Amino acid sequence: MTTFLATAVFAVLKCTPGDRRQCPSVGINAGQGVYDITGPSVGINFMGMANPSQKGTGIHIRLRARAFAFSSAEGTSPIAFVSLDAGMPGFVLKKRVLAALERELGMVYTEANLCISATHTHSGPSGFLEHTLFQFAGSGWVPQTLDAMVNGTTLAILRAHRSLAPADVRLGIGRVPNASISRSPTAYLLNSAAERAMYPEGDKDDTMVQLTIRTASGNASAIVNWHATHGTSMNNTNTLVSGDNKGWAAYLLERAVNGPTSDMRRVGDGPFVAAFAATALGDVSPNTRGARCRDTGLPCDAIHSTCNGFVQQCSSSGEGRDMFESTKLNAERQVQVASMLMHAADTQPALLGPVRAVHAFVKMPGLEVASAQGQPQHALCKAAMGVSFAAGTTDGPGMFNFEQGQGNSSNPFWRFIGDILHVATKEEQECQHPKAILLSTGSIAFPYPWAPDTAPIQLLQLGQLVIIAVPTEMTTMAGRRTRAAVKARLVQRGVLSDTEGVVVIAGLSNDYQDYTTTFEEYQQQRYEGGSTIYGPRQLDGYIQELLRLADNLANGTIARSDPPPVDFTDRIVQTADRPKLEAPPAGTAFGDVSLDVPSLVKAGQRVSVTFIGGSLNNDLRSQDTFARVVMARAGARDGVRAHGTDSAADWELVAEDSDPETRVSAVLNATTGRHYDVTVSWDVPPDAPAGVYRIIHT
């Protein structure tokens with residue numbers, strides 16, 4: 001068990017001007033904010049695994065938007081970085097957030113200086129992406145999901161902006177051991193031996209880059225870090241909304257600093273905010289036991305991720321007894337390093353500005369790219385998904401026995417379906433080679449466009465830190481190449497110091513456009529290669545355009561930009577189930593207990609109670625809770641035991657549905673079909689004090 005300090009105490013050191021390591025970052029203002037973005041948790045497919053049976057039944061951990069604003073004392077425009085507990089952001093999400101911010105603040109935040117990234121949890125509701133393929137991967141178009149995300153993200157940014165104040169911002173780097181593995185190690189080996197030798201840590205990058213933000217008086221107010229691991233500790237059988245390992249890590253560190261749930265302090269409401277953001281995680285899995293066959297326990301086929309020819313039998317897992325414990329273990333490992341970096345902030349360099357950003361939209365299909373390997377120019381392709389995309393990954397296998405590393409589909413039905421939608425032309429096939437095209441998504445526009453074609457790219461500078469924001473999941477080596485190329489250009493142009501400058505990738509930012517592998521990895525056509533939508537030179541295209549932005553950042557000029565994507569959501573038909581009339585069984589009322597708790601429970605056990613209730617989608621209770629666990633205060637216990645009268649003042653709050661010790665599920669009653677059986681469970685902490693407790697469902 002890992003123990004963390006409940007408060008963070010820092011020394012304020014005297015320093016001399018020019019001492020970058022000891023002087024506070026005078027001239028930088030910082031602010032932070034957090035808000036609930038939990039959408040509909042019942043009956044909506046989760047976004048990420050594309051598993052139609054993975055529909056939500058309730059909540060394990062609420063989802064949050066964590067926002068950080070920075071500005072210089074000179075009055076230049078601020079920048080804001082947001083990390084969402086979500087599978088990914090979307091162009092429409094950012095557009096609506098910017099519109100909401102403009103109504104509150106005027107034109108303070110724009111496409112250029114706001115970055116919205118996602119942690120890539122695969123246990124959040126779908127329905128917020130406009131392109132057709134992503135709607136098929138979830139529950140279609142669900143405005144309730146998008147509205148919750150827009151509202152919570154906007155309010156988190158407003159909190160961050162309105163709390164801007166002089167701050168001491170420190171930059172630390174650590175390593176997180178035993179929290180990730182490569183899920184495509186054979187593809188990684190296709191990169192040249194010389195390039196691989198540059199990275200002795202091998203096929204995964206366990207680096208954590210962290211900003212520790214402290215007030216002018218030296219108290220910790222926030223941290224935000226970037227570390228590569230997928231949000232798939234919770235597997236594709238999970239049906240409870242969860243922030244996965246990064247959401248759990250944020251919870252643990254915020255609770256350690258702010259204190260546990262109580263009448264005085266609710267988890268997820270600040271004031272200290274901790275974000276564990278996504279970076280180049282494309283081929284990185286948190287399931288450190290690796291891929292094994294479910295039937296034999298032996299390792300899966302390394303290239304195809306199959307067991308006796310079947311992809312469904314190959315999956316990976318973490319080190320816990322179940323996915324919940326594995327998620328917690330992974331979160332604790334991230335928190336241990338984040339906490340160490342936070343407490344060592346005095347030894348880290350301070351960021352002294354400038355604070356600025358540059359952004360561009362890039363039309364990707366047809367973009368002429370000069371290859372980094374010195375090959376002739378190559379135009380990027382229209383978006384297309386390969387056969388191996390349908391195979392899924394070892395974190396979540398597909399359903400129709402497609403295989404990773406597969407050159408052609410062995411499933412004639414899906415080839416037939418793909419051909420009905422669009423028969424890939426000879427030019428499209430040659431452009432994407434060796435990808436065997438399953439769906440030519442960039443060429444299908446019925447009933448709406450199936451795939452994006454315009455990528456938002458962005459650089460945000462905070463002193464000696466530059467954040468590269470891309471809308472894709474880069475593999476480990478793709479991320480390394482991108483960081484190295486951009487840093488070299490920024491050093492050459494005098495923007496960063498060669499020794500102190502740090503470049504980090506914020507993956508899944510501002511939109512979602514699948515994966516990006518290296519040219520070499522693409523040749524094997526594992527899942528990541530099959531999902532590299534613009535073809536084998538896609539990475540070269542991103543690097544080329546990011547270098548152009550680096551020049552704009554150095555020159556202080558506005559980047560040339562293609563037109564933004566088209567928002568066609570006014571044409572999309574809502575596909576989520578409409579609310580239905582609900583009624584309790586005859587002789588009962590909503591809120592009645594149908595399955596009560598035992599009278600005596602020991603610490604360390606799980607206690608559950610089932611209520612007669614309604615769908616949790618009827619009222620999302622944003623920034624609130626569906627469940628409370630309360631303990632009778634000492635002076636009220638005798639009266640409670642005697643079933644006497646009591647009031648709310650007789651009870652103190654000890655847990656709610658933001659705490660991972662609780663689980664709330666709502667299942668439609670099969671007999672009546674008109675009410676939900678709402679079950680609230682509480683894993684009683686081993687150190688819970690003896691007393692009288694009550695579980696409340698709202």
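Using N, Cα and C of the backbone, Cβ positions are placed for all residues, glycine too.
Annotation comment: TrEMBL describes 30-544 as domain 'Neutral/alkaline non-lysosomal ceramidase N-terminal'.
Of all Cβ atoms in the protein chains displayed, 27 besides its own lie within 10 Å of the Cβ of H120 (Zn(2+) binding site). Taken from TrEMBL, the feature Zn(2+) binding site applies to H120, H230, E473, Y515.
Every protein chain considered, the tally of other Cβ atoms within 10 Å of the Cβ of S285 (active site, nucleophile) stands at 25. Here TrEMBL flags S285 as active site, nucleophile.
The feature domain 'Neutral/alkaline non-lysosomal ceramidase C-terminal' is assigned by TrEMBL to 548-697.
On its own chain, E473 (Zn(2+) binding site) has H120, A280, L281, G282, G507, L508, D514, Y515, T516, E528 as residues at least 6 apart in sequence with a Cβ closer than 8 Å to its own Cβ. On the 0 to 100 pLDDT scale, the model's mean across the domain 'Neutral/alkaline non-lysosomal ceramidase N-terminal' (30-544) is 93.
S285 (active site, nucleophile) is 5 Å away from H230 (Zn(2+) binding site) when you measure Cα to Cα. Note on the domain 'Neutral/alkaline non-lysosomal ceramidase C-terminal' (548-697): DSSP counts are 25 helix, 43 strand, 82 coil. In sequence order, A278, L281, G282, V284, G507, L508 are the same-chain residues whose CB sits within 8 A of the CB centroid of H120, H230, E473, Y515, the residues recorded for Zn(2+) being left out.
The Cβ neighbour count for H230 (Zn(2+) binding site), using a 10 Å radius over every protein chain in view, is 27.
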